[in-house]
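Student: In case it helps, Swiss-Prot gives these features for our protein:
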- W84, S118, S119, Y120, W141, S142, S143, R263, A346, T347, H368, A369: FMN binding site (BINDING)
Amino acid sequence: MTSIQQRDAQSVLAAIDNLLPEIRDRAQATEDLRRLPDETVKALDDVGFFTLLQPQQWGGLQCDPALFFEATRRLASVCGSTGWVSSIVGVHNWHLALFDQRAQEEVWGEDPSTRISSSYAPMGAGVVVDGGYLVNGSWNWSSGCDHASWTFVGGPVIKDGRPVDFGSFLIPRSEYEIKDVWYVVGLRGTGSNTLVVKDVFVPRHRFLSYKAMNDHTAGGLATNSAPVYKMPWGTMHPTTISAPIVGMAYGAYAAHVEHQGKRVRAAFAGEKAKDDPFAKVRIAEAASDIDAAWRQLIGNVSDEYALLAAGKEIPFELRARARRDQVRATGRSIASIDRLFEASGATALSNEAPIQRFWRDAHAGRVHAANDPERAYVIFGNHEFGLPPGDTMV
């Protein structure tokens, strides 16, 4: 990343800071709409958010991924749904950069601002046919799909009735159906609807295997050689999920402190909450855990990127540590939000109280498969004992 790109990325962060008040004001409307408002997506486009991880050849900044995740953390601190969608849709520009140049040209050739959604869970498959794959399936949980013109869907490649590869198929909006099913308790504003694909031909250049990503043989590296595109999938994808959850924890913390500063505790003879020493203990504990979550999460991303920028390989030990700390960041954030919410009193149950929305959104984000702690901890433990990792998400 050049000094000019660094400066431009910092300018995007500054512009995002200026957007935060209006995004905060639209948080309830975003929930009610069940997807991001068009004006929010336009504002993110206008300040260059989606260019952060986009290749330079398409007008992007191909920036340090820590700056991208910092942006999503800030967005999530005022609206969980906005942070979630921006993180997921934003990282897809990094993913597309690894695809064959022909796929990049199909998506960005006429309009480099074209956005991509995804559903990576293997809820369908592609059968090998002449020149590519015949894809069928029904993929749930495609966050931000209403604002995308293409999508990635994950699944196996089937040949002679057997799976022979696994990865992502890139499909244009004209060839899949969006089913409006997103009626949920948390992350209501993400529009994470279901994508239905029926007998769609996907040419070979619009498939990318996870193996090619992991061993640095992805076709896109021939034209996009910046260090960010050599970051491990097992770091980028899970951090995309955890960064906004930590952001929600920061938002819940700010909402709690503001509320407690004005709260009079009716059950305790009119005592002001800010005069309660135990209230101060709770916020100190929460603040420490949230900061620790973020420092570990983003510190590992920065360590990996620094090695790549210096032309070095990322050791498996660091990748395993990054995965360990990623799930730990989610766990710490959820526990901190719970601690604060439980101490907020009955007024926190109001639909107008921001903390209840952060509480619901963070718990909804927690159920994402990338946040399963046991799987990540076993990877780390296996490595410590000199055993095979036992999982590919690392």
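Placed from the backbone N, Cα and C atoms, the Cβ positions cover glycine too.
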Student: When you tally the Cβ atoms that lie within 10 Å of each candidate's Cβ, which of the binding-site residues (W84, W141) has the highest tally?
Tutor: W84
Student: Any idea what DSSP makes of A346 (FMN binding site), helix, strand or coil?
Tutor: helix
Student: Using DSSP, would you call S119 (FMN binding site) helix, strand or coil?
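Tutor: DSSP assigns S119 (FMN binding site) to strand.
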Student: In sequence order, what residues of the same chain, 6+ apart, have a Cβ less than 8 Å from the Cβ of H368 (FMN binding site)?
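Tutor: Same-chain residues close to H368 (FMN binding site) (Cβ under 8 Å, separated by 6 or more) are I241.
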Student: 10 Å Cβ neighbour count around S143 (FMN binding site)?
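Tutor: Excluding its own Cβ, S143 (FMN binding site) sees 27 Cβ atoms within 10 Å.
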